[in-house]
Amino acid sequence: MNSGNPCCDPVTCKPRRGEHCVSGPCCRNCKFLNAGTICKRARGDDMNDYCTGISPDCPRNPWKG
C-alpha cells in the first residue's frame, strides 16, 4: 500500500504523525500551503483560487458560476 510518498504512512497511507497532508494542490513537503497561496490561476474573466491553509485541496472561489 506504500505509494513511496514520504508524507504517507506506509501502512495506512494517511499523513505520517506530525504531518498535515499526503498530496494535493495545497500540500507541499507534507504541510498545508499558507492561506492565500494561489493554487489555480485565473483564466479569462475567472478569478484565482487560493489555498485555505487548513486543507490540501484547492477550493473553487465563491464567485464562480
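Just so you know, glycine gets a Cβ as well, placed from its N, Cα and C.
The disulfide bond recorded by Swiss-Prot for CYS51 reaches one of CYS8, CYS13, CYS21, CYS26; that cysteine is CYS26. For the pair CYS21 (disulfide bond) and CYS7 (disulfide bond), the C-alpha distance works out to 7 angstrom. Of all the disulfide-bonded residues listed (CYS26, CYS27), CYS27 has the fewest other CB atoms within 10 A of its CB. Per-site Cβ counts within 10 Å over the disulfide-bonded residues CYS21, CYS39, CYS51 peak at CYS51.
CYS39 (disulfide bond) has its Cα within 10 Å of the Cα of these disulfide-bonded residues: CYS26, CYS51, taken from CYS7, CYS26, CYS30, CYS51.
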